[in-house]
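Engineer: This is the feature table in TrEMBL:
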| type | residues | note |
| --- | --- | --- |
| DOMAIN | 64-470 | domain 'Cation/H+ exchanger transmembrane' |
| TRANSMEM | 54-72 | transmembrane segment |
| TRANSMEM | 78-96 | transmembrane segment |
| TRANSMEM | 117-134 | transmembrane segment |
| TRANSMEM | 146-169 | transmembrane segment |
| TRANSMEM | 181-204 | transmembrane segment |
| TRANSMEM | 259-282 | transmembrane segment |
| TRANSMEM | 353-374 | transmembrane segment |
| TRANSMEM | 380-403 | transmembrane segment |
| TRANSMEM | 415-432 | transmembrane segment |
| TRANSMEM | 452-473 | transmembrane segment |
Amino acid sequence: ARSANATHEVINVTLHTTLAATTKLVVPTPAKPILPVQTGVQAQQEEQSSGMTIFFSLLVLAICIILVHLLIKYRLHFLPESVAVVSLGILMGAFIKIIEAQKLANWKEEEMFRPNMFFLLLLPPIIFESGYSLHKGNFFQNIGSITLFSVFGTAISAFIVGGGIYFLGQADVIYKLNMTDSFAFGSLISAVDPVATIAIFNALNVDPVLNMLVFGESILNDAVSIVLTNTAEGLTRENMSDVSGWQTFLQALGYFLKMFFGSAALGTLTGLISALISFFNLGDTRHIDLRKTPSLEFGMMIIFAYLPYGLAEGISLSGIMAILFSGIVMSHYTHHNLSPVTQILMQQTLRTVAFMCETCVFAFLGLSIFSFPHKFEMSFVIWCIILVLFGRAVNIFPLSYLLNFFRDHKITPKMMFIMWFSGLRGAIPYALSLHLGLEPIEKRQLIGTTTIIIVLFTILLLGGGTMPLIRLTDIEDSKARKRNKKDVNLSKTEKMGNTIESEHLSELTEEEYEAQYIKRQDLKGFMWFDAKYLNPFFTRRLTQEDLHHGRIQMKTLTNKWYEEVRQGPSGSEDDEQELL
């Protein structure tokens, strides 16, 4: 009996242990909390507030568009549009402040810049259009140099700025920040946005390699800076008190690599899928030939443009990195499978939307001087500017000398100096500074105020000094061209509206493609692999019949549009003859 009781007890204990372990294993993960849905009066108030915010944003954007139009009309081409829009935002912010002081209106909530609106609505079109524009020039010939500057150079700059702020704070020279907060600020302030510089480069016809190095680095640099800032934020949210410095570094490195390569792979995969869909759209079966209805084809491309951003953000990756690589891949492969009408629609629509988003961001950057609660410390601002310039120098000069060992087209000392000087900061550092969840509130205000000052310092001072610097360092070309300030056109909008990039509309036949790319002996590395295998697989080279059909389609659409204009209510034969 005792033996039976003992056996029974052992069985009970075993069952109890097994059930406990099993229960522990199958405990379901907590469900994702559902955000409360506002109803009734609260929902109505939220709708009214959102409506006023949208109205205020559109009003600011309309005023900025009128300003850009006046710059073009009165040929004030020496003034970059970004500088003009920021200055207008400052004046509008001062005017609103006066109105609020007189208690005539209250626009405090509407004029506040919302980081979520920036990252969800304004930034994706800007980044995608930038990636979609990298087809021109020699981006892929300089992909190694651009990647080194944008990834390793941005990391170097972030560590120098963040480390300098941390150690200066420990020495009680400036406001004290902990290591993760210092690195977060160093990461966000390392995002360069040389909009004014690129406009000057295009106007003065500088070395195309220099133009592509600065432009390509700025595009990839924005995404890298955002990933680095998110890495620092992730370390701040976690409890790292019981983790060594080496383990913290390895954890941050792993998080960065996951975000960078995972997001880049997702964007590349999405772009390649869109290329395959557009490729089979051109196939002999023509089951889903959207080329016959350009509006549907254009709609499909717009979906693929935003698709990687939403997917990447939904699975905790970087949407900005994903949409950037998707834009590059779609520009290189997908674009050439589209009908000529859709190609033109994509170019003009992306340009217009990106221009409106950029204009809105720069306007709110100027407004923030009066709408943002500030905390100003002179020593912190001065040391941050010094560290930013020094970090940019350590980024550009050593890496350029290193790259010259492997480049056929050398980066000259003059080019290095201009690249260092063109490290302007823009809207992304400002939005990232507002997105940081720093505590206490005075720390967040200090970071935001310092970021605004650095952005305005680089845009107004460095951006304004770029043209004299280029003329000073390249005197012979300036004399040869015999240009003066009135001849230089810095209006990006005017050039954007008056030109269609013909090289991005080219449709090569099989014979032309083979003669232009495959048989070239100067292609090396990725360019050779792309021309030999990737491009023929993801893009369909047209036959003479396809090319003839495309020309007929464009001619038919043009004639149809012309006939509709002739038959308009105000049209007449006399008007037509006068127009001709």
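Including glycine, each Cβ sits where the backbone N, Cα and C put it.
Heads up, TrEMBL stuff is auto-annotated, nobody curated it.
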Engineer: Among 78-96, 117-134, 146-169, 259-282, 353-374, point out the range having the most Cβ pairs under 8 angstroms from the transmembrane segment (380-403).
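Structural biologist: Checked against 78-96, 117-134, 146-169, 259-282, 353-374; highest Cβ contact count belongs to 146-169.
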Engineer: Please figure out which one of 78-96, 146-169, 259-282, 415-432 racks up the most CB pairs under 8 Å against the transmembrane segment (353-374).
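Structural biologist: Top-ranked stretch among 78-96, 146-169, 259-282, 415-432: 78-96.
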Engineer: Looking only at residues six or more beyond either end of the transmembrane segment (415-432), which have a C-beta under 8 A from one in the stretch?
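Structural biologist: For the transmembrane segment (415-432), the nonlocal Cβ contacts are 82, 113, 115, 118-119, 123, 188-189, 191-197, 206-207, 209-210, 213-214, 217, 222, 225-226, 229, 358, 361-362, 365, 368, 388, 392-393, 396-397, 400, 448, 451-452, 454-455, 458-459, 462-463, 465-466, 469-470, 473.
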